[in-house]
């Protein structure tokens with residue numbers, strides 16, 4: 001929100017300096033983003049060229065004698081092609097700082113001829129990039145006068161960074177109101193004209209809505225005829241130019257000016273270009289509008305528009321159309337002042353990519369009680385600038401806004417701020433801000449002004465009082481000290497999340513944080529997409545459903561890195577997934593993926609040439625590392641087939657505890673899933689459900705039991721079993737381990753062999769059993785007895801026989 005200092009003083013009677021005003025604005029919550037005081041232009045004067053002579057030693061230079069109003073001509077050397085006798089321009093005298101050159105002028109010689117100043121271009125004054133010639137001013141410009149004053153460039157421009165809730169400060173009058181309440185001057189009341197009109201406009205306006213009446217809560221219009229649309233006055237042009245708007249003509253400039261002056265967006269139609277009646281309605285598929293910015297916009301049924309019998313003439317509340325725009329030939333206009341739905345304006349603006357000052361104000365909310373008054377202000381300004389006569393005002397669809405009332409106990413200020421503020425001071429602050437106060441005692445009724453839609457409750461009123469009283473007066477209060485917590489502070493899930501992160505980082509993986517919402521197609525591919533998990537207002541079309549798995553986000557992140565030259569990587573995330581919208585179905589999960597050659601041992605090419613890509617075993621090892629870090633005995637984990645469809649059916653597994661508890665999945669990602677997500681492999685991944693891991697029954701302790709190592713040598717024996725192909729290796733390992741849990745240290749598969757010589761649908765699985773004596777060295781008989789027990793257990797569990 002930009003405005004000039006003189007503009008502010010039209011609404012605020014004050015002697016405060018620019019610095020005092022800016023400091024107070026920031027203090028009351030209206031942050032000053034930038035101030036352009038343009039003090040660097042104060043030393044430039046208006047001068048007229050009296051004489052122009054060719055430089056004796058330079059073909060492209062001239063010796064100018066210029067009149068500065070002092071009575072004594074000044075000699076200046078100039079190389080501008082447009083320098084000539086009679087030209088009125090801008091002169092910088094010695095001692096003047098030239099911002100475009102970043103130099104301070106002094107008397108100097110150019111090719112042997114002294115120069116006592118410099119005729120300036122727009123680029124040298126940083127007014128534009130134009131540097132081909134010096135500035136040319138009208139002949140009636142005051143010779144010797146200050147250029148900054150003449151051009152209106154001595155008026156500081158203040159730029160506020162408004163928060164979205166302060167719609168009341170999108171006009172200079174609202175800003176002045178806040179400053180007056182804060183003690184910076186006195187608020188000047190708006191001059192609200194009233195007209196006695198002699199005729200009625202024949203134009204009719206219809207609100208063509210069925211159940212969408214909230215799209216337009218009121219539409220007021222008035223016709224003004226017999227006007228002359230010329231240029232706007234210089235003071236208005238200077239103010240509009242200062243805030244970055246290009247002056248066009250009196251009618252356009254008037255509507256822009258009122259939008260910034262009192263925060264009331266308007267639109268002016270050329271009445272002779274309107275065909276028939278106006279209708280406010282939804283857009284229609286295939287409709288287009290060439291807007292005032294020259295661009296053509298394709299409209300839809302989601303857009304609110306104003307249309308006549310020939311089609312759309314305006315995108316409601318955002319921008320008008322070229323067909324009904326006003327020009328120098330306009331003689332009859334319709335001034336429109338309406339109330340548009342903030343949400344509809346915001347949605348249409350985003351969909352069309354159309355930004356305007358009107359949209360900026362309507363999507364934040366304008367004062368509903370100022371709709372007709374704003375029309376009166378606009379009419380008065382049109383009559384003053386363009387002449388003519390106005391019709392009676394017509395209004396459709398408007399109802400007086402209901403005044404919001406809040407029961408406000410003065411004790412609420414002490415409760416929220418720990419400050420004691422006098423009752424009368426609180427009432428004065430709220431009254432100066434436009435609030436109405438009724439009642440006596442410690443609880444009063446506060447009537448919220450219609451221009452403050454952001455005030456909803458008692459806390460908002462406390463905030464209003466405090467930002468005017470002074471937020472800096474709130475003394476810091478140290479946090480209350482608490483005794484040291486006894487017992488476990490972190491929850492089980494928090495502890496598991498922490499140790500999981502450490503374990504996966506130790507395995508060379510990098511943590512990622514991805515969005516909790518993904519596209520509907522991705523969610524369906526990973527078993528989700530339920531209706532109750534769809535977002536009502538997604539931030540993007542491809543982020544519309546809560547994720548059922550961590551893998552989609554990690555896969556997209558991996559592909560994004562691969563596209564940027566990092567194909568080998570390992571990512572993990574510890575976060576939540578969602579099965580439905582109940583708290584019980586929000587699960588804490590650790591998920592990870594590896595891509596390319598990013599194995600635990602490293603990535604990329606090796607000197608021996610044996611570069612291997614990631615496979616199911618990397619994913620399995622990562623998953624087991626998580627389970628082990630969470631305190632689970634991984635020897636109890638059963639690995640079976642039957643992973644979800646997004647895994648490769650022959651290169652994946654399910655991790656179970658017993659027959660029912662599934663604690664995770666791992667494997668190579670299915671090629672069809674990768675193609676569906678437009679992701680390239682090789683890729684493997686895992687998912688561990690942290691909430692499903694049983695809590696350890698061991699009592700937590702900071703001390704560790706001493707390491708006990710056996711002094712006896714470990715014995716290893718190999719066994720090769722012939723089993724059916726459907727038998728998993730994990731079943732054989734568990735059966736062998738159960739032969740003697742005290743002596744058997746580990747069981748490991750080291751070979752799988754398939755051949756017709758073994759029989760149809762048969763395979764050979766070779767295991768190594770490590771036997772660790774504890775109390776004494778085992779005899780051959782002990783070892784043979786244990787070996788027989790191993791064979792017996794495996795045969796009983798799987799139907800295998802020992803391969804000879």
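Note: Cβ is positioned from N, Cα and C throughout, glycine not excepted.
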Same Mg(2+) site per Swiss-Prot - residue from 454, 472 joining 460, 463, 464: 454
Remaining residues near the recorded Mg(2+) site, that is with C-beta within 8 Å of the centroid of the site residues 454, 460, 463, 464: 452, 455, 459, 461, 462
Entry from the binding-site residues list 454, 463, 464 having the most other CB atoms no farther than 10 A: 464
Cβ-Cβ neighbours of residue 460 (Mg(2+) binding site) (radius 10 Å): 17
For the domain 'FDX-ACB' (710-803), the number of residues DSSP places in helix, strand and coil: 31 helix, 32 strand, 31 coil
Local backbone state of residue 454 (Mg(2+) binding site), from DSSP in three classes: coil
Composition by DSSP (helix, strand, coil) of residues within the domain 'B5' (401-476): 32 helix, 13 strand, 31 coil
